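**Student:** Under the heading signal peptide, Swiss-Prot lists 1-24. According to Swiss-Prot, the active site, nucleophile annotation covers S37, on the basis of similarity to another entry. For N66, N100, N237, N256, N257, N261, N321, the entry in Swiss-Prot reads N-linked glycosylation site, with the evidence type sequence analysis. Annotation comment: Swiss-Prot describes D329, H332 as active site, evidence class similarity to another entry.
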Amino acid sequence: MKMFIIMLMTFSVIACFYAGVGTGEPLVPALIIMGDSVVDAGNNNRLNTLIKANFPPYGRDFLAHNATGRFSNGKLATDFTAESLGFTSYPVPYLSQEANGTNLLTGANFASGASGYDDGTAIFYNAITLNQQLKNYKEYQNKVTNIVGSERANKIFSGAIHLLSTGSSDFLQSYYINPILNRIFTPDQYSDRLMKPYSTFVQNLYDLGARKIGVTTLPPLGCLPAAITLFGETGNNNTCVERLNQDAVSFNTKLNNTSMNLTNNLPGLKLVVFDIYNPLLNMAMNPVENGFFESRRACCGTGTVETSFLCNARSVGTCSNATNYVFWDGFHPSEAANRVIANNLLVQGIPLIS
């Protein structure tokens with residue numbers, strides 16, 4: 001019965017998709033992306049930060065084999081999402097030279113690797129804070145309004161899907177390695193602390209005219225190769241770190257509850273919480289059944305901790321075929337895994353495109 005429901009929902013999405021494609025128009029007027037390295041398409045390239053991915057072997061399986069700044073060997077889940085929605089190009093990184101003129105009319109990408117709900121996370125790594133991403137979005141709105149006028153611009157903003165994917169850096173690159181935060185907050189208390197900036201962010205987006213917002217849950221933090229290496233049991237690199245996964249589950253529960261309250265209090269808002277925890281956990285725990293060979297080690301280098309500048313052309317041991325791997329580097333999914341995640345997002349996101 002469960003499989004039948006999934007198939008029925010998938011068929012509905014496909015039917016809806018082809019209906020939109022048949023008109024030559026995407027299903028929504030624009031796609032706005034905000035968050036961290038999981039969805040950063042190159043904004044960090046222009047920052048003075050170590051958290052970058054604009055060099056080989058990143059991007060080796062992307063279009064023209066270019067390292068665009070995406071933290072993967074190829075496409076991000078949001079790239080697949082843009083394709084499925086009927087867009088013929090991906091949202092341009094807002095800090096890039098391409099972010100001008102009519103290129104902005106179908107959306108933009110404001111995400112920055114190492115950003116988080118807590119602005120302190122981004123500040124520590126010299127990334128773009130979520131508050132600054134929102135300021136950049138306001139600037140973007142002014143540019144679009146100048147191009148097409150207020151009436152059409154407002155329709156673009158209200159009809160656009162706004163995707164937010166962040167939070168992992170708050171835990172993996174801040175809380176777990178910061179003794180001060182560890183001493184002040186339990187993981188549960190830290191999750192509570194992050195709900196306020198999340199609520200404020202959604203409220204601010206809503207005030208700017210956004211009516212379709214999607215936010216991703218945390219992934220199974222304890223199954224990321226770098227997390228297993230850094231926080232797992234000594235000598236045991238084959239098991240997810242359960243306490244980290246439990247922290248993610250707790251956070252995700254709070255995220256769902258907070259999102260429900262926001263939906264109830266903001267008239268006309270469609271807010272969808274995208275579950276990426278379970279699809280990625282399924283791939284990590286059952287790689288072969290999902291078409292993968294390896295889920296404990298990443299493709300890049302030794303597959304244990306390498307990410308960003310540690311994952312480079314000189315990294316010894318990088319795999320030859322990333323499609324066999326769930327993870328490209330120590331923190332980020334491969335293109336093949338991103339495709340699976342995107343397929344799940346499409347089914348879950350029906351309320352945002354209907």
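Cβ from N, Cα, C; glycine included.
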**Student:** Any idea what the Cα distance is from N66 (N-linked glycosylation site) over to D329 (active site), rounded to a whole Å?
**Tutor:** 17
**Student:** Which whole-number value in Å describes the distance between the Cα atoms of D329 (active site) and S37 (active site, nucleophile)?
**Tutor:** 12
**Student:** In whole Å, how far does the CA atom of N257 (N-linked glycosylation site) lie from that of N321 (N-linked glycosylation site)?
**Tutor:** 40
**Student:** Out of the recorded positions N256, N261, H332, give me the one sitting nearest to S37 (active site, nucleophile) by CA distance.
**Tutor:** H332
**Student:** Rounded to the nearest Å, what's the C-alpha distance separating H332 (active site) and N261 (N-linked glycosylation site)? Just drop the number here, would you?
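**Tutor:** N261 (N-linked glycosylation site) has its Cα 31 Å from the Cα of H332 (active site).
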**Student:** May I ask for the distance between N100 (N-linked glycosylation site) and N261 (N-linked glycosylation site), taken between their Cα atoms and rounded to an integer number of Å?
**Tutor:** 36
